[in-house]
Structures are given as structure tokens and as C-alpha cells.
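As annotated by TrEMBL, ATP binding site applies to Arg91, Lys131, 136-142, 166-169, Glu174, His197, 255-256. Annotation source TrEMBL lists domain 'ATP-grasp' at 95-285.
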Amino acid sequence: MKILFIGDGQLGQMLGASGISHGHECLLFSTRSNTVKPLSAQLDLSMSLAEAIAWADVVSWEHEDIPADIIAAAHDKFLMDPARIKSLTDRRAEKKLFDDCQVPTSPWQTYHNADELTKILQQAEQPLVLKAARGGYDGKGQWRFGVADEVAEVAAAAGQAPGIAEQMIAFEREVSLVGARSKDGSICCYPLITNVHERGILSYSLGAIDPVSDALQQQAEACFKRLTDALNYVGVLAIEFFVVEEQQQTKLLVNEIAPRVHNSGHWTMTGANSSQFDLHIRALTGMPLPLLRLTPTLMLNVIGAEQIPAGLWHHADTDCHWYNKEARPGRKVGHVNIRTANRDTAQQWVSQWAHKLQVLAD
Ligand code: ATP
Ligand code: MG
Ligand code: MG
């Protein structure tokens, strides 16, 4: 099949590479330079966006913020309603989806401006996390509010744009579920992944290491089914959860979803017979979803570093991925997947390498 991906960042490139390895032809459309980029050498380099859309059997994306003109021009090439998916880039619509689907999430309310936010903060009895409705990622566009904090100061900073105020959750840890839904509604999910963030940005993920209980996995997959059914979704989607202890029971609260392949699923390039990119391609092209065979894998993000040290390129247990992007503090420029026996050995790898691989922004 012929697949056009919107976006030419690392996710688009990894999707395209997987598509080609499954026998498909793939093009990427760069929304930054407005150019079509081929992944297969035989393809015409000078294709316009309109020509690429006409060429494609199916259009997919690396990021859900799909430009409106592409939604209009490629409408019949998407496998689901792209406008509905794009609407989820607004946290208010996303949270409403959680409520509509009755998946548990932290209590929230909206504000439109600093005045409305001031009222919310004055009445707050618990710490809050304030998130701009649009444009936030890697922890950007977020403010913390403790009940003893200065209301005016926080309201002035966070109230410049509409947003949501949600209860700060004292989570035990953070996990994500990455899975695919095919057109017929069948799903295929990896086991819950443990994620550790530093300053709001994903530092590392533990894939298929110390699996969670079956009950928790079932809870997560039930959320996945409900959300993806509601969206009539086809392809890979990730759900980020907080794990909380309530009345001696372990529960999941949905933090946010990513209707696309996700950084916390990168370990599957090493740790699974079928990676998250392969799963997405299979779902898009109507191939059967696979039975999964997994190897415990640590994924360490490379953030802001100039390069991956030679010792990691050289090691038999590592797979290094370099995105060929200019290094800036806080910017993801690569990741290293490490086959590892258990949580302790994973932790040793993290202690030894994270500070060499990660330069975070202030
Ligand atoms: P991403 O890069 O994953 O898209 P993002 O900028 O969209 O991130 P969130 O995932 O909502 O932001 O938040 C970033 C991190 O901040 C979370 O992973 C979590 O560690 C923390 N966080 C967010 N919301 C809450 C909350 N309600 N309570 C406690 N911690 C929170
Ligand atoms: Mg997010
Ligand atoms: Mg997040």
C-alpha cells in the first residue's frame, strides 16, 4: 500500500522505516518545510502535497495536531475522523472524552482567563496542577499550585491562556499502555510500561520488566478499549496513567492519551517481535495484529546530549537510535534500548548513564 505520514520527525521516520520493511511505499510530509519527503528512492522527489495525497491509499500522522488544510484535502484517506483526533490536542476535549467514557481521571475544571483561575485558586483545598489547554508537551505549559502559594502570581502566569486546573495526584508511580486497535475492533497491547520523568520530560521506561498484576493490566486494557472504541480508532494509541493506592487497592487514573506512537513505546523496537511502529502499520494496512513475544528492555532517552558515547554503541546489549537533530537542553535527540534482566540491573544502567545522556533545561 501507499502510506503518507504527516510529520517528518523521529516518529514519522520510524513509522516510515517500519512501513517499508512491511513492503509498503511511504512518504513523509514535513509540516515545517511544507515539503514531501520520500523514504523509497524510486519515488518522485518533487511531489506537491496535493499530489502526495492523491498518490496515497492511506494518510496517517506522527502527531495528532494535523493541519486543517490536510484534514480537508485528505478527508477520505484517513481511517477515522481526523478532526475528532485533532480536537484532542485541547486538554478540555481530552478530559471530557475520559469523563464521557467513564475512565477514571484526576478531578478537573476549566478556566478561560486569570480572573476565573484566581477564583479556583482561592477556593483550592488541595494542591493543583494547571495546564494550558493547548500546546503543552514534555511538561511545558504547566504550573504547580500549593494552597500556601501566592494566588495572584500563579494566576497571572497560568491565566494568560485558557486551561484546566486538575487535582495534583500523589501517585505511587507512572505507567503507560501502548497498543493498537484494528478496524474490526480487535486490540493488541504491550504490558504496562513504567515511566520515570525528570522535570516533566520522560527520562526512561521499563518495558516488560517486573510485570504488573493481571488485574491492573486488565484495568488498563479496559480503558484502552473504551477510549479507542469511542474514537473508532485505527492504529497505535498510548495512554499515560498514574498508579494510586486507594483503600488498599491499586488503581489507575488516566493522565493523558497520545493518539499515535509514543516515546514510552520505543523499547519495543528491541524488546518485542513486533514494535509499536510495526503494530501501527499492521493496523493501518489491515494485516492481523501479532501475538507478542517480549524481552525485558530499558529505554533511556537521550536528551540534549551532543552524542551517544561510544561505549553504548559498542555494547552487545544496547541498540542506539540517533535522530540527527541539533542538541539543545531538554530536547529529545535519541534513545538507547538496553536488554536487561530485571529492575535492579536496569536501575544500574540508569545510574551509570542517565546523567551522561541527559542535559535537561532549567
Ligand atoms: P507529554 O510530554 O507526556 O505529552 P505533557 O507536557 O503533555 O507531557 P503531562 O503528561 O500532563 O504533560 O504531565 C507531565 C508530567 O507532570 C506527568 O508525567 C507527571 O509526572 C506530572 N503530572 C501531570 N499532571 C499531574 C497531576 N495531576 N498530578 C501529579 N503529577 C502530574
Ligand atoms: Mg502530553
Ligand atoms: Mg504526558
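Note: Cβ is positioned from N, Cα and C throughout, glycine not excepted.
Annotations in TrEMBL come from automatic prediction, not curation.
Shown on the structure are the features that TrEMBL records.
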| residue | record | contacts (Cβ under 8 Å, 6+ apart) |
| --- | --- | --- |
| Arg91 | ATP binding site | Lys131, Ala132, Ala133, Arg134, Gly136, Gly163, Ile164, Glu256 |
| Tyr137 | ATP binding site | none |
| Lys140 | ATP binding site | Gly200 |
| Glu166 | ATP binding site | Lys95, Ser106, Pro107, Trp108, Leu128, Val129, Leu130, Lys131 |
| Ile169 | ATP binding site | Ser106, Phe242, Val244, Leu253 |
| Asn255 | ATP binding site | Thr105, Ser106, Glu174, Glu240, Phe241, Phe242 |
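If you average pLDDT over the domain 'ATP-grasp' (95-285) in this model, you get 96. Secondary structure at Arg91 (ATP binding site), as computed by DSSP, is helix. Close to ligand 1, meaning a Cβ under 6 Å from one of its atoms, are these of the binding-site residues Arg91, Tyr137, Glu166, Ile169: Tyr137, Glu166, Ile169. Highlighted here are the binding-site residues (Arg91, Tyr137, Lys140, Ile169, Asn255) whose C-beta falls below 6 Å from ligand 2: Tyr137, in sequence order. In three-state terms derived from DSSP, Ile169 (ATP binding site) belongs to neither a helical nor a strand segment and is classed as coil. In the three-state DSSP classification, Lys140 (ATP binding site) falls within coil.
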